[in-house]
Amino acid sequence: EYGCCVVELGKTRVLAQVSCELVPPKPNRPAEGILFFNFELSPMAAPGFEPGRQPELLVKVNRLIERCLRNSKCVDTESLCVVAGEKVWQIRLDLHLLNHDGNIIDAASIAGIVALCHFRRPDVSVQGEEVTVYTPEERDPVPLSIHHMPICVSFAFYHQGTYLLVDPSEREERVMDGLLVIAMNKHGEICTIQSSGGIMLVTDQVLRCSNITAVKVAEITELIQKALENDQKVRKEGGKFGFAESIPNQKITAFKMESTAVDTDKVEEQAEEIIAKAEPPLEVFSTPILHAPGTAQIGEGIENSWGDLEESEREDAAEEEGESEATTLECQKMETEDASTMRETEDTSAVKESKKDEPIVLSDSEEEEVVILEPQEVPKKTRTQTNLKQENTSKKAFNKRRRKKRAAY
């Protein structure tokens, strides 16, 4: 797709993607389009970046990219107007840091300007109040109007400005005393300049850095133009292009591999040679052989090459055999005990039936384990005839007394 770009500076990688949409313009600028920039630092680039938080580096890079690309007027915003005061194109530039190894500002500025140069917006026609947006199949997309290409170059200073370093890496940025960033185009025009770190710079140092920036910007601009021309040429010829084709092959991160030719003319001859050179099996076994518990021969003609069981497996097998023998012995003991108890209970029941009236004798021998005692039946109390007569006489005497008392009253 148009508007996608990947820039590598050493091990630092930045992905840029441009998109567009029709939106109402700003009230103070009704005849100009809108430029929007967004830079993201993901934990994939470096473990120090946390999701959902905006570190100081992110704010710094965002502001510098906006000053470099928007304030320098490198993009003609008036050409993005469709209907003044109603609809304009909003160009959105998203920058994603894929890997952080220092000098993020330079890589982001190069990726941003290249993506803007490579982007194509849909063609539009206006008839009265009706706005028609054409697809790429209906009409060829229209490129953005780019006046110039501002590119940032970073300089790191050490020992209070004694030493100067261009394009510092991540480790070099940790120990630097100050940083100077100069954005310039190939015409030698300074678009923006920023100094950070609290270091005092002399005029000669700034002029020296500007001269180095002019040389670097000319070289980078030439590389950008060549890359854009090659992409346009490949697209016209119908060759392979796009972001997926930029990924190098023969790597674990790629989803494809180059096809390799295989010679299949003499396959049968080679197979016969291999079979002839191969050694025949040493012994042939017609029946499977059990080497040890849990193993057996595989196949019919070749002996199993696994060998005997290892020492640990042998120990486990011996332990299992010992446990099985112990369990069988315990089962036999339990069966003998149950049989003896059943016999004893049968004997005791027979003795009770034969000798119910005889008194129970407790033996002092320790051999008898269980002794069942049955208490004798309690004789029922019966009232004698004498007792009944005495009760009757006592009741009669009591009744006579009550009658005498009533007659006296």
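Cβ atoms here come from the backbone N, Cα and C positions, even for glycine.
What TrEMBL records for this protein:
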- 308-324: compositional bias 'Acidic residues' (COMPBIAS)
- 332-359: compositional bias 'Basic and acidic residues' (COMPBIAS)
- 397-409: compositional bias 'Basic residues' (COMPBIAS)
- 2-122: domain 'Exoribonuclease phosphorolytic' (DOMAIN)
- 148-211: domain 'Exoribonuclease phosphorolytic' (DOMAIN)
- 308-409: region 'Disordered' (REGION)
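Within the model, the domain 'Exoribonuclease phosphorolytic' (148-211) carries an average pLDDT of 91.
The DSSP breakdown of the domain 'Exoribonuclease phosphorolytic' (2-122) into helical (H, G, I), extended (E, B) and coil residues amounts to 32 helix, 47 strand, 42 coil. The DSSP breakdown of the domain 'Exoribonuclease phosphorolytic' (148-211), given as helix, strand and coil counts, is 14 helix, 26 strand, 24 coil.
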